[in-house]
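Let me begin by presenting the structure, written as structure tokens, before commenting on it.
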Amino acid sequence: MWKTTDLCDEFEKELQICRQSFRSFGKKEQFHGKIATVKVKDDNVLVKEGLQTLPEGTVLVVDGGASTNCALLGDNLAAIAEERKLAGIIVNGYVRDSSELKNVNIGILALGTMPNRSVKEGKGERNISLQFGGVEWKPNDYVYADEDGVIISEKSLHR
């Protein structure tokens, strides 16, 4: 069993430590996997497309620009991620349906909750490098998240 604290101790020079605080909404407090990315502004169509197409064990990282205008993830999209056996979702933005999300058996991190839904225009970008939390989120890098924080590495760190 790995912990981000132990990985930081062992691989300090080989990883990035996210400086942004997230709240945990999913059932899993600890999760890891290869990163896939989506960048959107108040529109979650590409989030849904990513969840429907990513391979098992992936962590979808969504950069919503920390917008407080709407939620980018709710119970319906989280159920898709759980059904497809994704490891987790990290949202630089907000979620809704939080009472249902706590029963979804994946990791879900976000800044907080917002009750209103996003627009559905399909605008945004997928599979690009993202910058938030003081780190670079690159597709196919590895992310590790638990109760102590979020770290990123170019290679798999746990055994």
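Each position is counted from 1, following the chain as shown.
Keep in mind that glycine also has a Cβ here, set from the backbone N, Cα and C atoms.
When secondary structure is read from DSSP and collapsed to three states, Asn76 (substrate binding site) falls in the helix class. Residues or ranges marked as substrate binding site by Swiss-Prot on the basis of similarity to another entry: Gly74, Asp75, Asn76, Leu77, Arg96.
Per Swiss-Prot, the feature divalent metal cation binding site maps to Asp97; the stated evidence is similarity to another entry. Sequence-distant neighbours of Asp97 (divalent metal cation binding site) (same chain, 6+ apart, CB under 8 A from its CB) are Gly74, Asp75, Asn76, Ala78.
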Lowest local Cβ density (other Cβ within 10 Å) among binding-site residues: Gly74, Asp75, Arg96: Asp75
Greatest inter-residue Cα distance in Å for the substrate-binding set Gly74, Asp75, Asn76, Leu77, Arg96: 11
Cβ-centroid neighbours of substrate site Gly74, Asp75, Asn76, Leu77, Arg96, 8 Å, sequence order: Ala71, Leu73, Ala78, Ala79, Val95, Asp97, Glu100, Leu101
